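Student: Here's a structure for you.
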Amino acid sequence: MPEGNITNVKNFFIVCFPGLPPNYYGLVSAVMFGVFMCTLMVNGIFFLLYLKEKSLQKPMYFIMLNLAASDVLFSTTTLPKMIARYWFGDGSLSFAGCFIQMHFVHYFGSVNAFILGIMAFDRYVAICNPLRYANIIKESTILGLCLACWLLAEPIIFYMTFRATTLSYCASNKVTQCYCDHPFVTRLSCTDRTPIVFSAVVSAMVVLLTPLTFILFSYIAIIMTVFRTSSTRGRLKTLSTCSSQLLIITLYFLPRCLNYLAGFLGITYNTDVQILVILLYSLLPPLINPLIYCLKTKEARECLKKYFKRLSFFHFLEIKVQVPTLSK
């Protein structure tokens, strides 16, 4: 740390919901545990479907696979500590541990934003340039773009996190959030944090506004192309294809942009409500994204149906074999 930095804080304590009565701790931890297990399960099923089914081994599903991977890693970074906070009363994180968590929370969130930009690019080419889709959206191209997402996010977030560690922390160590979030930790500093906040805002603009701008232009072009199509059936089919990704994009960007806008305009509201909003846009997408893929894409639905039929068939055989044995 640089000269002049005085830090007496040895660890941070995750408060999560400051207004939550203790008699609700068990319920909250059970809900969080359920969300975590369901997130691992639904994303795990998606991973298995992708690996087992050749029909899903296409660029579009590879993009979704990367999104699912960043979702699982984000949930694994945040939820276990939240569960420990309310289940065991263990909300303590070491000074280094808090900043490590902060780094990975923002890193996986940034990877998500960039991957959503690639999803928009994939849909743009598929709808606006369908004849050139196979030539543009190649496996090697998508592999390179996805790799770039994982690599590009790292230096941006590392710099933002490193700048946060250079502040002096010599007062309260209570983080009024469910994980070590940059703005909630840095506000505990007892020195001027204006330059650090400015660098964090610049990082957020790069990570959020760059892919969001590209996504908006892509979908404007898609909508214009769709409504130039003479066939009403063709329009509905195309819009249905894009609706799943539009829903994912809306869930990711809209609450974040509103939250940052409220902070920028100085709009304050109840801390518990603010934390709940942050948790909803942080933890719900990793859970529901794979469900959206499987419900909205025909190939994934067919693969799921096939596997459910196999499971039902084997269960039926097992019962059929066991019944005579029991009758004896």
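Cβ atoms here come from the backbone N, Cα and C positions, even for glycine.
Because TrEMBL annotations are produced automatically, they should be read as predictions rather than curated entries.
According to TrEMBL, the record shows the following:
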- 42-293: domain 'G-protein coupled receptors family 1 profile' (DOMAIN)
- 27-51: transmembrane segment (TRANSMEM)
- 63-84: transmembrane segment (TRANSMEM)
- 104-121: transmembrane segment (TRANSMEM)
- 142-162: transmembrane segment (TRANSMEM)
- 196-226: transmembrane segment (TRANSMEM)
- 246-267: transmembrane segment (TRANSMEM)
- 273-295: transmembrane segment (TRANSMEM)
Student: Kindly say whether the transmembrane segment (27-51) and the transmembrane segment (273-295) touch, using the definition of 3 or more Cβ pairs under 8 Å where each pair is 6 or more positions apart.
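Tutor: Counting Cβ pairs under 8 Å (6 or more apart in sequence), the transmembrane segment (27-51) reaches the transmembrane segment (273-295), since there are 3 or more.
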Student: Which one of these stretches, 63-84, 104-121, 196-226, has the most C-beta pairs shorter than 8 Å to the transmembrane segment (142-162)?
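Tutor: Stretch with maximum Cβ contacts: 104-121.
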Student: Within the same chain, where does the transmembrane segment (273-295) have neighbours whose Cβ lies under 8 angstroms from its own Cβ atoms, ignoring anything closer than 6 residues to its ends? I mean 6 or more beyond.
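Tutor: Distal contacts: 16-17, 35, 38-39, 42-43, 45-46, 49, 61, 64, 67-68, 71-72, 74-75, 78-79, 109, 112, 176-178, 181, 244, 247-248, 251-252, 255-256, 259, 301, 304.
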Student: Average the per-residue pLDDT over the domain 'G-protein coupled receptors family 1 profile' (42-293) and send me the rounded value.
Tutor: 86
